[in-house]
Amino acid sequence: MTTASQTRTPRGRRSARPSGDDREAAILATAQRLLETKKFAEISVDDLAKGAGISRPTFYFYFPSKEAVLLSLIDPLIKRADSGFDNAVESMPADPQRAIRRGIEIFFNSFGSHPATARAGTEALKSSPEFKEFWSGLMQKWIAATAALITAERERGAAPDTIPALDLATSLNLMNERTMMAALADEQPGVAPEKVVATLTHIWLNSIYGTLPVGTA
């Protein structure tokens, strides 16, 4: 004898609801897509929530602000650039010229892999105290590491003792920031993207070590 439970037609499974990770990823993907065509200031929390298929209150469960979304997008770029800088510093004694070029190259390529995100970061520096404080901390770290590098090269007799190492390090890092972002934003005047690494490397090497033969960089 067949029971009712055996003859009952199985109910279809309910479609799985998006997980928290899925919703967060959707917000980030929406931000990346919008940044390709809009300035950061033109994008609202409502835009991000709508694009991710969630409500505005739900958005705030995952991010406290649109600036926090941008920080999440930029974080992997910064980690890649930071790692490249640290590796360059470690290899300085063996081949300082190649190490400096490689550090600049990794830094530029990291942000160049997502130029729209990098441009949004530059824009946020002018409008978001939260983002400005975050970026300032990174710049201070890179400047301090560069100053230590210059000092070490001077102490081992590889570089001349000229202007204060911290002043030189500050100027070089600020130059990198402005030159790279201008290239990524296709600003004029600006250095062409394919020439940025060679140009900055030339300036760094000549500033730290003095005049170098043409083609050394």
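Numbering starts at 1 and runs along the chain as it is shown here.
Glycine is no exception: its Cβ is also placed from the backbone N, Cα and C atoms.
Mean pLDDT, taken over the DNA-binding region (44-63), works out to 97 on the 0 to 100 scale. Swiss-Prot lists 44-63 with the feature DNA-binding region, giving sequence analysis as the kind of evidence.
Annotated domain 'HTH tetR-type' per Swiss-Prot: 21-81, in sequence order.
Marked as region 'Disordered' by Swiss-Prot: 1-22.
Around Asn173 (site 'Inhibitor-binding'), taking its Cβ as the centre, 22 other Cβ atoms fall within 10 Å, counting all chains. According to Swiss-Prot, the site 'Inhibitor-binding' annotation covers Asn173 (among others), on the basis of similarity to another entry.
Annotation comment: Swiss-Prot describes Asn176 (among others) as site 'Inhibitor-binding', evidence class similarity to another entry. The Cβ neighbour count for Asn176 (site 'Inhibitor-binding'), using a 10 Å radius over every protein chain in view, is 21.
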